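> Input: one structure, supplied below.
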Amino acid sequence: MQNFGKVAVLMGGFSSEREISLDSGTAILNALKSKGIDAYAFDPKETPLSELKAQGFQTAFNILHGTYGEDGAVQGALELLGIPYTGSGVAASAIGMDKYRCKLIWQALGLPVPEFAVLHDDTDFDAVEEKLGLPMFVKPAAEGSSVGVVKVKGKGRLKSVYEELKHLQGEIIAERFIGGGEYSCPVLNGKGLPGIHIIPATEFYDYEAKYNRDDTIYQCPSEDLTEAEESLMRELAVRGAQAIGAEGCVRVDFLKDTDGKLYLLEINTLPGMTSHSLVPKSAAVTGVGFADLCIEILKTAHVG
């Protein structure tokens, strides 16, 4: 096996997704240790990143979700320290965290995305409701794990929802409702893995459904996708990742409309690795267990 030296599993951090990061990090740490890797937990909220060098770490497995973790900040710090790390580089991480600018790139390249509008204090909210229709989704551009995602149903409600959300990270986006199903497709080292059909018991795949409930159904391989649709989803996931320069292990989320058309929703350049997480479920279908998946991701560690 490749010699990774002393490995820091970066977990926790400062964002609203701290607890999820700790859960993922603990699972990864245990998996790496089970494979004989000299791995240790490292929480930047408790210990400055500069201590990585002082403590002799040679590789970083980054599982810091959200702000300062997957937005390019910690990636830049690791570049300066010269420590190889897993995941995407600075630019791709920053773009992937910004749903608005990621959508602009995908649109420019002709990839299918749901129609959307960026909201501001002076937005004509009635006009946006008319353009996108109801219901619609409203979300902050730079939060993850469905933090701040609201389904707007009632006419005239858009402005008040915007006022509730505008303190969150990034622009606030209103997005056309696509009602044919929710899917996700991981990409590992430029190769699409089996897609997952997500069937939440809640109204949509929100934070509660992702992390706290046990009644969300995950179909992998998906029972309602034809072979051609599955192939297209994987192709679009790979193209979506390549469009922003994402590397290593990422996950692209999709919506399907009632006519069967697939839309790229967003990309997660640092997907979760908990017992509820989608990437391990998809990898398992291909015969790759959790510990082996962690090793494959660790092999992608890089600088620059």
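For all residues, glycine too, the Cβ spot is worked out from N, Cα and C.
Relevant sequence annotations retrieved from Swiss-Prot are reproduced here:
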type	residues	note
DOMAIN	103-299	domain 'ATP-grasp'
BINDING	129-184	ATP binding site
BINDING	ASP253, GLU266	Mg(2+) 1 binding site
BINDING	GLU266, ASN268	Mg(2+) 2 binding site
> Using Cβ atoms only, which residues of the same chain lie under 8 Å from MET136 (ATP binding site) while being at least 6 residues apart in sequence?
GLU129, LYS151, VAL152, LEU158, ALA174, GLU175, ARG176, PHE177
> Taking the Cβ of GLU171 (ATP binding site) as the centre, count every other Cβ atom within 10 Å, in any protein chain shown.
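There are 17 of them.
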> Round to the nearest Å and give the CA-to-CA distance linking ASN268 (Mg(2+) 2 binding site) with VAL150 (ATP binding site).
19
> Taking DSSP three-state, what's ASP253 (Mg(2+) 1 binding site) in: helix, strand or coil?
strand
> I need the CA-to-CA distance for VAL150 (ATP binding site) versus GLU266 (Mg(2+) 1 binding site), whole Å please.
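With distance taken Cα to Cα, GLU266 (Mg(2+) 1 binding site) is 16 Å from VAL150 (ATP binding site).
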> Give the sequence-ordered list of residues that share a chain with ASP253 (Mg(2+) 1 binding site), lie 6 or more positions from it, and have CB atoms under 8 Å from its CB.
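Set apart from ASP253 (Mg(2+) 1 binding site) by at least 6 residues yet with Cβ under 8 Å, we have GLU182, TYR183, SER184, LEU264, LEU265, GLU266, ILE267, ASN268.
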